[in-house]
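So that you can see what the record holds, here are the features copied from TrEMBL:
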TRANSMEM  B:12-34  transmembrane segment
DOMAIN    B:55-176  domain 'Beta-hexosaminidase eukaryotic type N-terminal'
DISULFID  B:Cys85-B:Cys139  disulfide bond
DOMAIN    B:202-514  domain 'Glycoside hydrolase family 20 catalytic'
DISULFID  B:Cys311-B:Cys361  disulfide bond
ACT_SITE  B:Glu356  active site, proton donor
DISULFID  B:Cys538-B:Cys556  disulfide bond
Protein chains: 2
Amino acid sequence: MNVRVCKCRFKIKIVMVGAMATMLLVSVLSFFAAPSDSIYIVEPGPKFPPTRGEVWPKPQQEKKSDYFYLFRPDVIQIEIVNKKCNLLNETIERYAEIWQRQYMIVKRYNNISTHVESHDSEKYLGVLKRLTINMSAPCEYYPHFDMDESYNLTVGANSQMTSLSVWGMMRAFESWTHLLYFTDDSKEIRINKTEIHDFPQYKHRGLLLDTGRHYLSLNTIQKTLDAMSINKMNVLHWHIVDDQSFPYKSEILPSLSEKGAFHPSMVYTKKDIKMIINYARDRAIRVIPEIDVPGHTRSWGAAYPMLLTKCYEKNKVIAYGPLNPIRSTTYKILGELIQEVQDLFPDRYYHVGGDEVDLSCWQSNPELKEYMKQHNLTANGVHAMFMKEVIGRVKKTTVPIVWQEVYDEKVPISKDTLIQVWKYKWVDEMIKILNSGHKVVFSSSWYLDYLNFNWNSFYGDDPRLMVYQKKKNARLENIVGGEACMWGEMADDTNVISRTWPRTSAVAERLWSGLDYKHPPKDPVTTHVRQRIEEHTCRMLRRGIAAEPPNGPGFCVNI
Amino acid sequence: MNVRVCKCRFKIKIVMVGAMATMLLVSVLSFFAAPSDSIYIVEPGPKFPPTRGEVWPKPQQEKKSDYFYLFRPDVIQIEIVNKKCNLLNETIERYAEIWQRQYMIVKRYNNISTHVESHDSEKYLGVLKRLTINMSAPCEYYPHFDMDESYNLTVGANSQMTSLSVWGMMRAFESWTHLLYFTDDSKEIRINKTEIHDFPQYKHRGLLLDTGRHYLSLNTIQKTLDAMSINKMNVLHWHIVDDQSFPYKSEILPSLSEKGAFHPSMVYTKKDIKMIINYARDRAIRVIPEIDVPGHTRSWGAAYPMLLTKCYEKNKVIAYGPLNPIRSTTYKILGELIQEVQDLFPDRYYHVGGDEVDLSCWQSNPELKEYMKQHNLTANGVHAMFMKEVIGRVKKTTVPIVWQEVYDEKVPISKDTLIQVWKYKWVDEMIKILNSGHKVVFSSSWYLDYLNFNWNSFYGDDPRLMVYQKKKNARLENIVGGEACMWGEMADDTNVISRTWPRTSAVAERLWSGLDYKHPPKDPVTTHVRQRIEEHTCRMLRRGIAAEPPNGPGFCVNI
């Protein structure tokens, strides 16, 4: 940080969030001026010079030599020796193109076709000639929760990638691409002799995108998927609609987006969504939709006001609140919508929402008050009833994902339901969930809309480690993963990519590589990690992702 | 803000800035969970719907009617009735092109060439046919501190713009462009009958860009200048080099950038700089260079280590510190460099830097210790001596700008020198400076690298108002302006535009429009201002500036 910043402020801010919210946001920022005689040691050049050819996220096992090959995409022969399929071919073509684009940088720096500098080095092993692809099971069509992403990779005399699945193959190709690095003069691409045995620690490694608060273009979503695949993430949690807008263009209920979208041009059609799902599939990424209910549904009311609960204050309607939980129309329309959405999204998992329900609105409504009295229900009980109804309307084979409130309010849910933990006191919450035999997806400390939190504050938060430190015998394997959440209030096409990356790369490495929770590092953010994320940021830039600087002063070349 | 964010965190962070810095950054963020029965009233649609045709920054006097004309760039005739010059012609052409691009949006929405909807309105006054340009003094070639930016503008039966200068004309064209707005169906551009009499409250309305911590592309600098002109800002303070890199490509001292730039491609040549200066001139923006000395010069040492002071700890050299103030080589090289830079930048003002000097390094150096003893000088005294020498080396006609330390250390400076106030306790500092008859440029609370501060925290900070509230009879006119500062540690081409805009628009409006310091508004950030900055953000997007959302959920069309 610039020292200037730190000298010039002392502010206390108290901000009221929401018209009637009682929430206080107290942000006390105090800066003590440095005595004028302190030494500011600043070295010239980048704060953390990037590494070369380091894979991100860190592989489970990796043996690297400083002997190296030259990598030339026009020379290397790729041979498939076992199972084949279109998806594998397309993957190979996609990476060949990525390599080709990198090679064009090399060509820019070379006027002659042969270059011999590397030949002089005693570590030089020649030009890499051959790469064998050994996939041992037939391709699957869509990625899924239990897909096998493990792979082995050898760079050497007999370079090869082996994996059971095409998903693992995609991860192998990505790692291979990370191993490539440019020489100082940018005239060659090298790859070191390497052995990798790799697999993810967590099955569910997600990013939430919110298209309800600002519309995001298809191009931005595709860029996000590109970046996710560079970071070996495998779940796009698409929080598609919210209070502010309803961009999902339903074919059976078209007025929802006709009246609820920000603008007729700001919708996602069936065709758009299929394109996104396939684009994600090609990168081993699942797309899980969330149609959040019964809260966060204000935009539904533009087309169907009768779906919403009227909130009262002193016998007067003051606002529209959550979906009306006691009208059959609500469930009918919701059921139809869920069915349509589930027909479109192939994933077995479906996010039913269930967070931040304005119970006070339900409590204020005379009709609902009467209902609660008759049925001897609290407002929480009504929420539970509602969520039970919703979960009953998803496909029989579907596994629901819910925000933690649904669990907290004791809605009957199956053991395989994923409970997304996002609130404060997350460790206690996770322990409670694990104790009851349920499964956790962690998000609490990975909120990207909170700009004060840099990648390094995300990096150490391994949810299994956090639980283990408080309770040694918890069923840690039931923490199946986590998600970074990019809430969209202040993010649109102009800034969502640079806010998300490389900060989410920290989450990606945590979920893929894990931390040794029995022997955790004192500070996981080492100088080496800082240098690695510098390289990784430059790599994303080279691949067309506008990832912002992670650590401070520096630069990227060959982009 | 998303309520989620506010529920999930309680963190105290203590960060040490700099290896030996004693500075503490304590950031206490506390969030109290909302009781689950509070009402979250959220209306569908944008949080603050944009205004239509509101000029930003707010003109001094404005009379608007709801009678309107249609604006068609292919119909309107522009006639110059008084002084003429190339720069005026180029300005007209530039805005004609901007209007033409907006009109292409309208054409996209129209399949027929005539459209009559507006004709039905009783407020409709016809298609605007003629605009008269009345400039009463000959053109100047470069913008300058005392340039006249005032203008009058009439939209009506006899539409005209009048100004003394071409700079005022540029401001008038910009305001005219802001008055244009699209109809709901995007099929027409309208402009309301309007009278504007306008001038800036502050002469110096600047933005600091830092190209020493990250290299910024020429394209990014041009985009920044575009955005500045949209916001009627008139000074680009180019903090061109710093500790980390030396991208200024000197012709007389080429090794400075050859060895001190991040990369051979990351330099600004004479040609690049001239292009930027002319691009800025065409927008009534001055470009003032800063070659910061004697601190923030570590990158000079890559080529000339002997220019830097060796810092000692227990008789051992531990680092390189500020420029060496007692070697004649320092002043010789610095003098040559300043001369070259001043030959390149036409502005009469030149920023000599002078901030954050590591005096403890000077105090640790045996040679300097001896010097101070012999000359009976403190380290502060040496800094004062150094700055006096530097100021003696700028052109005779030059007016220096200095960081506040130079004033604080009692360097003899002329009354017209601008003192840039950036530290904490800025009101007391400004009063002190005004008392001694000196001039102020204010920056303390306008640091853009501090992400917690949104545009609305910048918006109320009128430096004259702040001083007036503490001292009624201060010479407020000697506060000549201010600068938003975009320090580059964490900003590069990927995020610098969206971080700078629209946050800097708040500073731009404050400096152009001012606040009535005798009757200041209780809260200057009204709903109307929020709506105006929404329109203004969409306007910038339409003009190719990736300005981020200012207020929360919303959207822009016609971009």
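Cβ coordinates come from backbone N, Cα and C, glycine included.
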Inter-residue Cα distance where the pair is B:Cys139 (disulfide bond) and B:Cys361 (disulfide bond), in Å: 50
For B:Cys311 (disulfide bond), the three-state class that DSSP assigns: strand
Chain A neighbours, filtered from recorded positions B:Cys139, B:Cys311, B:Glu356, B:Cys361, Cβ-Cβ distance under 8 Å: B:Cys311, B:Glu356, B:Cys361
Secondary structure at B:Cys556 (disulfide bond), reduced by DSSP to three states: coil
Rounded distance in angstrom between the Cα atoms of B:Cys538 (disulfide bond) and B:Cys85 (disulfide bond): 32
Counts by DSSP class (helix H/G/I, strand E/B, coil) across the domain 'Beta-hexosaminidase eukaryotic type N-terminal' (B:55-176): 39 helix, 34 strand, 49 coil
Using Cα positions only, nearest of the recorded positions to B:Cys556 (disulfide bond) (B:Cys139, B:Cys311, B:Glu356): B:Cys139
Separation of alpha carbons, B:Cys311 (disulfide bond) and B:Cys139 (disulfide bond) (Å): 52
Among B:Cys139, B:Cys311, B:Cys361, B:Cys556, the most crowded of the disulfide-bonded residues [Cβ within 10 Å]: B:Cys361
Distance [Cα-Cα, Å, rounded] between B:Glu356 (active site, proton donor) and B:Cys311 (disulfide bond): 15
Rounded inter-Cα distance in Å - B:Cys85 (disulfide bond), B:Cys311 (disulfide bond): 56
Disulfide-bonded residues compared (B:Cys85, B:Cys538) - highest count of Cβ atoms within 10 Å: B:Cys538
Other CB atoms within 10 A, centred on B:Glu356 (active site, proton donor): 22
Per DSSP, three-state class assigned to the residue listed as 'active site, proton donor': coil
Secondary structure of B:Cys361 (disulfide bond) (DSSP, helix/strand/coil): helix
